[in-house]
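**Q** Handing you this structure, nothing more for now.
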Amino acid sequence: MSVTLQRTEANGDGASPFVELDRQTWSRLAAQMEQPLNEEDIFRLRGLGDPLDMKEVREVYLPLSRLLHLYVEASHQLHAATTTFLGEQTQRTPFVIGVAGSVAVGKSTIARVLREMLRRWPGTPNVELITTDGFLYPLAELKRRHLLERKGFPESYDRRGLLRFVSEVKGGAEEVRAPWYSHVTYDIVPGKEVVVRRPDVLIVEGLNVLAPARPRMDGKQGLAVSDFFDFSIYVDAKTSYIEEWYVDRFRKLRTTAFAQPESYFHRYATLSDDDAESTARGIWKRINEPNLEENVLPTRGRAQLVLTKDADHSIRRMLLRKV
């Protein structure tokens, strides 16, 4: 099997901490595996504007789910060896996977597909997915802090709440609760929560989940959410591709989410094609692209696996950190 190494100029010897695999090489890793999802599953998991199909699942996500299952099994073996060494019987904690990437890059679809596929592997029937949207400050609080135009930037999140949530899950808490976010009202839903009860695997999906810890007020380094990840994935693509995907999704939302009377963006439902494109590109240039360049893209090198997409949303390259 042919495997090439990604070269970097950061190291004098030209070595890289990543192994680079092209689509063809990666797909061969699942040649003998049975496809666990059917067309109905894929239709249900597909995101708006994301042309996920059976071929993509078989060639990309099937080998990825197998790789993740190997990591989960290895963590179980390490837990058993550690408890034997310590002479103490401690309960195994959930395996936590982080999925990061830009708005509109398709990370939510990838997270949903991985959840469904990992549920079908032996040993991990209970797989939960949490998005960091639930840890955005409520709209009223964002307005009070003058952060509405910075929604999605690191400062718009309750980072302490997110860190506490992941820490408690990783610590083995029987039940952990998170706020519920509505993409229709664009706000936290009062009185509604996401409840996670000791899953085998927890997938945490969001823009900034790979961000490093910020220095504390006392000058000491704090903890980052990614400190609790057992595996992390960054979904990558050219910025120009992501912009087009964002604009395309915005157009389609006019007849779906935006069309609902209770939608925060209901005013956009009647925009013409030209006005919709102009509005979407304005939002992209003003908010999403700066956030990508300043906060999201710089975390790419912190991931254990980088999935690079082509203009048609298909994964064309994988960079896997060497063990």
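Just so it is clear, glycine is given a Cβ too, placed from its N, Cα and C backbone atoms.
Pulled the feature table from Swiss-Prot, pasting it below:
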{"type": "BINDING", "residues": "Gly101, Ser102, Val103, Ala104, Val105, Gly106, Lys107, Ser108", "note": "ATP binding site"}
**Q** Tell me whether Ala104 (ATP binding site) sits in a helix, a strand or coil according to DSSP.
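**A** The three-state answer is coil.
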**Q** When a 10 Å sphere is centred on the Cβ of Ser102 (ATP binding site), how many other Cβ atoms does it contain?
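**A** The Cβ of Ser102 (ATP binding site) has 26 Cβ neighbours within 10 Å.
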**Q** Which site among Gly101, Gly106 has the most other CB atoms no more than 10 Å from its CB, taking these as binding-site residues?
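**A** Comparing the binding-site residues Gly101, Gly106, the most crowded Cβ belongs to Gly101.
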**Q** Could you tell me which of these binding-site residues, Val103, Ala104, has the fewest other Cβ atoms within 10 Å of its Cβ?
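**A** Checked Val103, Ala104; of these binding-site residues, fewest Cβ neighbours within 10 Å: Val103.
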**Q** Which number gives the other C-beta atoms within 10 angstroms of the C-beta of Val105 (ATP binding site), all protein chains shown included?
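**A** Other Cβ atoms within 10 Å of Val105 (ATP binding site): 26.
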**Q** Counting across all protein chains present, how many other Cβ atoms fall within 10 Å of the Cβ of Lys107 (ATP binding site)?
**A** 23
